[in-house]
Amino acid sequence: MPAAAGDGLSESPSRFLAGEKPPVHLEETFLPACISNVSRETLRNFQHTKRVGSYLIGRKLGEGSFAKVREGLHVVTGEKVAIKVIDKKKAKKDTYVTKNLRREGQIQQMIRHPNITQLLDILETENSYYLVMELCPGGNLMHKIYEKKRLEEHEARKYIRQLILAVEHLHRAGVVHRDLKIENLLLDENNNIKLIDFGLSNCAGILGYSDPFSTQCGSPAYAAPELLARKKYGPKVDVWSIGVNMYAMLTGTLPFTVEPFSLRALYQKMVDKDMNPLPTHLSPAAISFLRSLLEPDPLKRPNIQQALANRWLNDNYHGKGLHTYPNRIHLEDLSQSVVLHMSEKLGYKHSDVINVILSNRACHTLAVYFLLNRKLEHYLVNMRKPDINDNVCHKNQFHQLEKYKMNKNSYEERRSKDLEKRGEPQQRPIQRKLDKCSPSHRQNACLTPQGHSNKGPVKERRSSKSERESFGGLSPFHEVRITKTGCMTSCSLEYLEMQSPDPRTPKIMRRQDSHSQETVNVNMGSRIRETHLNVVRSFESVNREDQIESLSPNHQYRVIGSPVSFSPRHSSERTLSPIFQFDNTSPSKSHFNQASFTYDDKSSPSSPESMSPTSPHSPSCNNNISGNLGSPNCVRSRGRFPMMGIGQMLRKRNQVVSPKGEKPLETRMPPLHQMSPGYASFNSSDMNGFC
């Protein structure tokens, strides 16, 4: 069983042994939806003949002397498995088959290794036994040899090394396979060896290596001479079989063949070392190692540890020593994300899940854990699991991936770099769907228009790189954050636009320069940004997941502003807060950056008259913008605007032209004489000398 792919707990693992369940939040999800959910199309498209338990029985993959192997689909996880189907009638008639079936289940529950197939579940019906194992999509190694005629030496070295590692693990556990052949070697999705079929294996842990076996087992072509001679044998019979498999990989044939077939003649060829000719392209080290494995005398034949230390086998594997795999998963290696998902979402008892996994007992609980964990591993590999050095638990790879996507692979950072290379202003408007906010939200939302100069419009020029860097010293696409007080903080508020687009359809709009934008005074910019900041504040945080319903199509909100200079603040201090002009609203005495907004509502009788004073065709724009845009009367419009989410603070590239003959919004609003005591006021006379 593979190691854990994710970890969702920070508590001590010893608490799990006591059966204590970790605290779980109601809204917490432990696995991504693509892992925890199974689509109906997956179940519908799987061709199957019947269903047994939680498995759909599909096409036949192979057929042996004792059973048939079919492809299956686990309906809980949507993962494919291999199912060995054994007929009960045949098993009961032959006690040897029944004995081998019981032995295979017992041995595979004892063993856990990456090059040995994992037994997941055992089912029994009225007519059949079902052994559920992990599926190896790479197929049989014999098919690969048939296609290529023979394998290259470096490829054969890889497979032989993996086979020896698996056999060494078996021998350390006291298990002798006795039936190692090409047909029992499968390939997984990563082109690695998987050893199957333990029907003829025997457990030497009970008898010990000092009392070897005496039964004749295995295929004669792969069997050691002592097996054919019905002599007592030990675990070195597997070493001989590895030599036969190595010869078959390198040549595509068997080392010892006789015509017509005779066990006595075959045995005599083995004893006489009458091996079929070897290809001349093989290296001397490979030939020497192969002859040592096919030594007919068991006393001269190397054991599995000596074979693993051979120089040819470890070529190109320097520094990769023998790694021992425990036959039981340790508690700290459990995938806590999968365990929590099973106990909280699938209804399994937490202590039962832990006990089944630690004991490696084949049942449906183990199958669910193994398949979900493998599914999570594939998900992390496909998403290019990052290498993050932070305070997150090193096993919590899913949460590391989410944090990496937000901090390292943000589209805004890549977009800003591209714009800087092209020398264009870094403006990127996106339309996002708005949510119908409650009245309390609308009352707390505020769009603040700022005063502007009464000077005529001048030709707009693009700000230089030094000017762009002076805007707070941060990228305009700096990440928007939520402070502890619930307010949104950002330094990218130069252009704002909020419109109601088509549902869930963000659109990218091309930038069109407007002649109504004013030039920022570079020489006075350092003093202005110390006293003035054009920002918008949202007094309550908005949960973006709750923004599902869109506003009515007849609502349209826009806020337009000129580029401003931002004072270099700490990220925690860049809170969106409103700034108003209270004492004097005359644009001749105070110079503000130009900002305006329009509110179009078909349900309001005055909505057709609303327009944007910054429009090129606006009368106020043609008359040197004589409207009082800095008036605090616009505070009345706060109740009409919904809460602003993070994705709604967007930069404007298009200025929508309003119909001619419309009056600005502030001319049809009554004056507001009393302001909320929570707003900070300042005297406009402090701005003297700056304009």
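Just so it is clear, glycine is given a Cβ too, placed from its N, Cα and C backbone atoms.
Feature region 'Disordered', per Swiss-Prot, maps to range 655-679 of the set 530-554, 655-679. Other C-beta atoms found within 10 angstroms of the C-beta of Ala67 (ATP binding site) number 25, with every protein chain shown included. Of all the Cβ atoms in the protein chains shown, 18 others lie within 10 Å of the Cβ of Leu61 (ATP binding site). Cβ neighbour counts within 10 Å, taken over all protein chains shown, single out Asp179 as the most crowded of the recorded positions Glu63, Asp179. Residues within less than 8 Å, Cβ to Cβ, of Val69 (ATP binding site) and separated from it by at least 6 positions along the same chain comprise Lys60, Leu61, Gly62, Glu63, Ala82, Ile83, Lys84, Val85. Cα of Ala67 (ATP binding site) to Cα of Asp179 (active site, proton acceptor): a span of 16 Å.
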